[in-house]
Amino acid sequence: GLPVCGETCFGGTCNTPGCTCSYPICTRN
């Protein structure tokens, strides 16, 4: 939820392990 993973998820998925989509960016926890 807090740190940004340096990835966007406009497609709805995140490729970075441990990261989830908090549209439109990927976050970790």
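Cβ from N, Cα, C; glycine included.
Annotation source Swiss-Prot lists disulfide bond at Cys5-Cys19, Cys9-Cys21, Cys14-Cys26, citing similarity to another entry.
Shown on the structure are the features that Swiss-Prot records.
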residue : record         : DSSP class
Cys5    : disulfide bond : strand
Cys14   : disulfide bond : coil
Cys19   : disulfide bond : strand
Cys26   : disulfide bond : strand
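In sequence order, Cys21, Ser22, Tyr23, Pro24, Ile25, Cys26 constitute the residues six or more apart from Cys9 (disulfide bond) in its chain with CB-CB distances below 8 Å. Within 10 Å of the C-beta of Cys26 (disulfide bond) there are 21 other C-beta atoms, taking all protein chains into account. A separation of roughly 9 Å, to the nearest angstrom, links the Cα atoms of Cys5 (disulfide bond) and Cys14 (disulfide bond).
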